[in-house]
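Participant: Attaching a single structure in structure tokens format; questions to follow.
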Amino acid sequence: MTNIKIILASGSPRRKELLAQAGYDFDVCPSLSEEDLEVMAPSEYVMLLAKMKADEVCNRLIAEDVGRRVKKLPERFVVLGADTVVSLNGRILGKPYDYDDAYNTLNSLSDQTHQVYTGVCLIYVEGRAKTSSSFFEKTDVTFYPVSHNEIIQYLATNEPFDKAGSYGIQGKGGLFVKRIEGDYNNVVGLPLARVYHELEELVSEE
Ligand SMILES: Cc1cn([C@H]2C[C@H](O)[C@@H](COP(=O)(O)OP(=O)(O)OP(=O)(O)O)O2)c(=O)[nH]c1=O
């Protein structure tokens, strides 16, 4: 039996008991639960989600290519993962769960300033080497007062349901926006100019 140290990425007492039963040397480091995620700072949260998305795609593509005689992946490429949330008074508002959630979210954003955070993770793959960079951008968005009828009309467009904070600044949701401070593209889901600069730095680092 190997004597290598195992880090058990799980909070399950059953898994712990089974590893102990076999006599393995291990430490427990449970992965973050949904409850932990909800109390994270929005900046940390979006960077973690962006990294999870990029890691998953990167690992899957590389694993799929391993079995191929003719490789589909180029010698060098970058995987970009991103995640966007709205934060109102420190509370994270993602995509709405349902109609009522979208209504309540828009109602709470009315006549208020909230923050839109987008986290980005870039993974640069060159041969077998991987280097990555993670960052976030924050944009402050102030809404005009939004009435009950305006929210009902807006929900009928179906625009809110796949969007963080239940609105799209690039669509009819733009009519609610009084002012923004920061990158507009960041609100739409990708801080393009920051991505450009980080990408330039990442791929020229070797
Ligand atoms: C606030 C706001 C968000 N959004 C969008 C950007 C994101 O696509 C979405 C938040 O969901 P995300 O989970 O960040 O992204 P996604 O599910 O659309 O795509 P994937 O996970 O595959 O990368 O909300 C707008 O389009 N306009 C806006 O004004």
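Glycine too: its Cβ is placed from the backbone N, Cα and C atoms.
Just lifted these from TrEMBL, have a look:
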type     : residues : note
SITE     : R14      : site 'Important for substrate specificity'
ACT_SITE : D83      : active site, proton acceptor
SITE     : T84      : site 'Important for substrate specificity'
SITE     : Q170     : site 'Important for substrate specificity'
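Mind running through what each feature is packed against?
Facilitator: Other Cβ atoms within 10 Å of the Cβ of R14 (site 'Important for substrate specificity') number 8 in total over all chains.
Around the Cβ of D83 (active site, proton acceptor), the same chain contributes Y45, V46, L49, A50, K53, T118, G119, each under 8 angstroms and 6 or more positions distant in sequence.
Within the same chain, residues at least six positions away from T84 (site 'Important for substrate specificity') with a Cβ under 8 Å of its Cβ are V46, V116, Y117, T118, G119, A164, N186, V187, G189.
All protein chains shown were included, and the count of other CB atoms within 10 Å of the CB of Q170 (site 'Important for substrate specificity') stands at 14.
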Participant: What's the CA to CA span in angstrom from Q170 (site 'Important for substrate specificity') over to R14 (site 'Important for substrate specificity')?
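Facilitator: For Q170 (site 'Important for substrate specificity') versus R14 (site 'Important for substrate specificity'), the Cα atoms are 49 Å apart.
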